[in-house]
Amino acid sequence: MGIGNGSTSDSRHVSHKEIRDETTPLLPIKAEEEGIHELNGASFSGAVFNLSTTIVGAGIMALPASIKMLGIIPGILMIILVAFLTEASIDILVRCSHQGKITSYGWLMGETFGQWGRIALQASVVINNIGMMIVYMIIVGDVLSGTSTSGVHHRGIFEGWFGPHLWNSRPIVLLATTLFVFAPLVSFKRLDSLRYTSALSVALAVVFVVITAGIAIVRLIEGIVEIPKLFPELDGINSIWELFTAVPVLVTAYICHYNVHSIDNELEDRTQTKPIVQTSLALCSSVYIATSFFAYLLFGEGTLADVLANFDSNLHIPFSSVFNDVVRVSYVVHIMLVFPIVFFALRLNLDGLLFPTARHISRDNRRFTIITVSLLAVIYLAAIFIPSIWDAFQFTGATAAVLIGFIFPAMIILRDPYEIATKRDKILAVTMIVLAVLSNSVALYSDALNIIFHRKEEA
């Protein structure tokens, strides 16, 4: 499957040309015949770090609360199960793409379901990722500049260190972050160019795990840690419902499918894609399990929905405030480094929606610059002026994520455009659809109840 070989490149060129002649109005075929061989050469480790960074975003902070609801054993088993289902769904996409010599998720959806399939996928990625970008920027603002909720002000890191000033207010801090951190990082046209920042991002997630584990072990030795529950406590309908609300967080914890093709395209040897995916999922599963276990062990039943908020209080250990600041700083830098990885897919799919038949965006500097600047401006303004926009993205994001990660791959294998699906594949496809629909329904209902409840409290 290597693409450095001349005869393979020629046959691919012919194959892509035939597809373009038949379906030009439908499919976003851009870079495939414009020299995609120029993009190869990405390393195995770089691909692993880029995919891992795509996976481990802000959602890592919500996992300990899910473990608290489910209990340690069911929670960890659920993390492992979803990792296996994610590997299966990505394997479906990669096998179909390699069989049809297809180089993008949108193109695969277009080949399988026509123009509207491509549009559905690209719209889902745009909705999911722009929501994530806005949430990331809001988190950066909250951690660095502080936030006020229900009349209570939570000081940011800069405010705690230097006191309140104009220069460390939310608009100025986020503007500086956008101009001096995000803008340079999102200017790269190859995903592999971000391999070092992705490695640092994964390392910072590990730093969080190590600090949390260290504090939990110290408190365990001192005998001031609650014994965590191994299984959920069921004492009525409400407790059963709470178990279901933990499922959506776990189901969407591994969504990374929108970047798989970009990583695959940049590899010298595309047969490495499967071991890269497996290595990345194993790494992320280890981080998820360790984070969930040690954070729940540390905070017990006091574990909050966003465990980062637990690090805004006294940890009852020496240098508690120092550890709190280290955790929060490492987390916010981690988020900053995740941002360009997710932005890469957002820009690519938005361009595919707006200019489906134009040449690849990496070959058009003017279009690349306009879309990049426009997206950064929209994300910044949304994070500053409408921070409550996350309410809307709780609905759209939950739906878009399960479509991208499970429903679309399952639909592709059930349609089986290249006749490569096995009976096991189709059973897995049905399982993924059932899990995704159940998860999404629970998430939507739970989010609706939470929003109604919070608005009643504010009134």
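Cβ atoms here come from the backbone N, Cα and C positions, even for glycine.
A TrEMBL annotation is a machine prediction, not a hand-curated record.
Note that the structure is predicted; figures quoted are calculated from it, not measured.
Now, the feature entries from TrEMBL:
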COMPBIAS  10-20  compositional bias 'Basic and acidic residues'
DOMAIN    42-416  domain 'Amino acid transporter transmembrane'
REGION    1-20  region 'Disordered'
TRANSMEM  47-67  transmembrane segment
TRANSMEM  73-94  transmembrane segment
TRANSMEM  119-139  transmembrane segment
TRANSMEM  171-188  transmembrane segment
TRANSMEM  200-221  transmembrane segment
TRANSMEM  241-260  transmembrane segment
TRANSMEM  281-299  transmembrane segment
TRANSMEM  329-348  transmembrane segment
TRANSMEM  368-386  transmembrane segment
TRANSMEM  392-414  transmembrane segment
TRANSMEM  426-445  transmembrane segment
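Outside the transmembrane segment (329-348), and at least 6 residues removed from its termini, the chain residues within Cβ reach (under 8 Å) are 50, 53-54, 56-58, 61, 104, 125-126, 129-130, 132-133, 136-137, 139-140, 143-144, 157, 177, 181-182, 185-186, 188, 191, 194, 197-198, 200-201, 204-205, 207-208, 211, 258-259, 262, 308, 361, 368, 371-372, 375.
Annotation: stretch 241-260 has the most Cβ pairs under 8 Å to the transmembrane segment (392-414), among 200-221, 241-260, 281-299, 368-386. Between the transmembrane segment (426-445) and the transmembrane segment (200-221) there are fewer than 3 Cβ pairs closer than 8 Å, counting only residues 6 or more apart in sequence, so the two stretches are not in contact.
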